[in-house]
Every structure is written in C-alpha cells, then in structure tokens.
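Heads up: the structure comes next, in structure tokens.
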Amino acid sequence: ERARSVLQASRLVEPPYSSSDEDDSSLAGDTDLPAAEQDPGLWYPDPPKLSTFSQCVRYLAFLWNLLFLLLGLLALVVGVWGLLAKGSLGGERLAPLGSDPMLLFVLGGLGASTVSLAGCLGALRSSPCLLRFFVGAVLTFGGLEVLGGLLVLLARQRLRDGLRDALLLCLLRYQDEPDLRFLVDEVQRSLQCCGLGSYRDWETNPYFNCSAPGVQACSVPASCCRDPWQNSTVPNAQCAVGILRLGDAAAGTVVYLGGCVAQLGAWLHGQVGGIVAGAAVLVLVE
C-alpha cells in the first residue's frame with residue numbers, strides 16, 4: 001500500500017513536458033513545415049535550359065536589335081547635331097522647329113533606339129516585360145505603316161494637295177532653311193523643272209519677288225537653269241538673275257518653264273512598284 005501511494009504521488013508531481021519531449025516535438029514540427037520552406041530551391045527554381053535553336057534565336061535577336069540600336073543612335077546624333085548647327089533649338093527658332101527636316105532624324109532615331117534597346121535587353125536577360133514592350137512597339141509601327149499605305153491609296157487627291165502645300169512651304173522658306181533649299185534644288189535639277197506650276201511661282205518668295213531689295217529680285221534659283229555651269233566647269237549661281245522680267249519665250253532659253261508638281265507626280269506614278277517593294281521590305285525587316 002505504501003509503495004503504491006508513493007508511486008501515485010510521484011506521477012502527480014512529474015512535469016508534463018520533459019526536455020526529451022521538447023526535442024522530439026521540435027523535430028516533429030520541422031517535418032510539418034511546408035516543402036517550399038524546407039527547400040529554398042522551390043522558391044527560386046533554376047531557369048529551364050534552352051535548346052540550341054532557342055539560343056540561336058536569342059542571340060540573333062540580340063545582334064539584330066543591337067544593329068538597329070546603333071543606327072537609331074546615329075540618326076539621333078545626326079538630328080541633334082543638325083538642329084544645334086542651325087540654331088533651331090534656340091529661343092528665337094522654336095517656331096519653325098516643327099518644319100525642320102532634322103526633327104525627323106531626332107524622332108526616328110529616338111523611337112528606333114528605344115525599341116531596339118528594349119529588344120536587346122529583353123533577349124539578353126529573357127525579360128518577358130521588355131519583350132512584350134518590344135513586340136508591341138514593332139507591331140504598332142508595322143500596323144501604322146500599313147494603315148498609312150492604305151490611306152495613301154484611298155486619298156490620292158488629298159495627298160496630291162498636301163504635296164503641293166509642302167512644296168509651297170519649301171518655296172516660301174527656300175532662303176531660310178538650308179535643308180529645304182538643298183531638297184528643292186535637287187528636285188528641280190533631277191526633274192528639270194522650276195517652281196510648282198511654272199517658274200513664275202518664285203514671285204511668291206519674298207527674296208525673289210520683283211519688289212524685293214537685293215540682287216535676287218526678279219530671279220529664280222540657279223537650279224532652274226538649263227545650263228547652270230559657266231564655261232562647263234564652274235557653277236554659275238547668277239545664271240537665272242532677272243529671268244522674271246523676261247517673257248516666256250526668252251526665259252525658256254535659260255530656265256525650265258514647267259513646274260515640279262506635275263513632274264513629281266509623273267515620277268511617283270512611274271516608281272509605284274519600287275515604292276511598294278521598298279515598303280514591303282521595310283515591314284518584313286521590322
């Protein structure tokens with residue numbers, strides 16, 4: 001009886017948890033942890049290995065976009081250099097900035113370099129976000145180009161009127177913009193034309209008008225001359241001085257009488273096949 005009572009008393013004062021039980025429970029608790037906490041590799045799995053074909057596509061996309069990135073940066077540098085050289089970024093030249101041809105180089109170079117940089121980094125780092133942006137931008141540009149081509153086909157008359165307005169702007173600002181002057185001279189020399197509808201359209205230019213002061217009054221640019229050379233060796237910049245004072249018969253022996261709008265329209269009509277082929281190649285390259 002006494003031994004039984006002592007045994008019962010010892011059971012009553014025994015602590016409910018022993019150190020060995022705590023160790024066992026901690027070990028058991030570890031086994032109850034989620035598998036991701038036990039294995040950190042499940043949180044950061046190794047990327048799947050790409051096949052040889054996928055690796056080739058990846059590096060080809062990187063090199064292709066790197067090429068267009070360099071071309072875009074080159075166009076951007078040329079555009080900014082042209083604007084700075086002509087002072088178009090100055091406070092007094094901000095108004096005609098929108099009509100400056102160098103602005104096309106800046107915008108085109110900036111857009112091409114941005115999209116190509118996204119393609120380079122996306123292909124190199126396998127970034128889905130950059131690759132989605134790259135693909136979306138390329139598809140957007142391609143869609144806008146196709147839409148522009150369709151609008152050109154559907155609105156030929158409006159395009160012809162817009163081309164005439166653009167040439168009129170070039171004619172009015174011939175002396176103010178070196179780029180426009182170079183463009184007009186090249187068109188008049190290559191198409192053998194002068195002015196928009198006729199050589200007398202140059203009377204609207206404030207420098208060539210007969211009421212304007214200076215030696216260029218009542219004249220047209222030298223690019224209108226049939227023979228712009230002096231002694232067939234030296235360019236003659238004064239070959240068309242005073243032409244607007246002459247009649248058509250006398251002026252026709254020195255300058256081209258026909259305008260450039262009709263000549264340019266005929267040239268574009270003859271180059272439709274080449275223009276369509278070039279546009280298709282551009283879309284395929286993109």
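Here the Cβ of each residue, glycine as well, is placed from N, Cα and C on the backbone.
Bear in mind that TrEMBL entries carry predicted annotations, made automatically and left uncurated.
Record features, source TrEMBL:
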DISULFID  C194-C210  disulfide bond
REGION    1-32  region 'Disordered'
TRANSMEM  59-84  transmembrane segment
TRANSMEM  104-124  transmembrane segment
TRANSMEM  130-154  transmembrane segment
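Listed in sequence order, E203, A217, C218, L244, R245 are the same-chain residues at least 6 apart in sequence whose CB falls under 8 Å from the CB of C210 (disulfide bond).
The Cβ of C194 (disulfide bond) lies under 8 Å from the Cβ of Q188, W202, V220, P221, S223, C224, V255, Y256, L257, G258, G259, C260, each on the same chain and at least six residues away in sequence.
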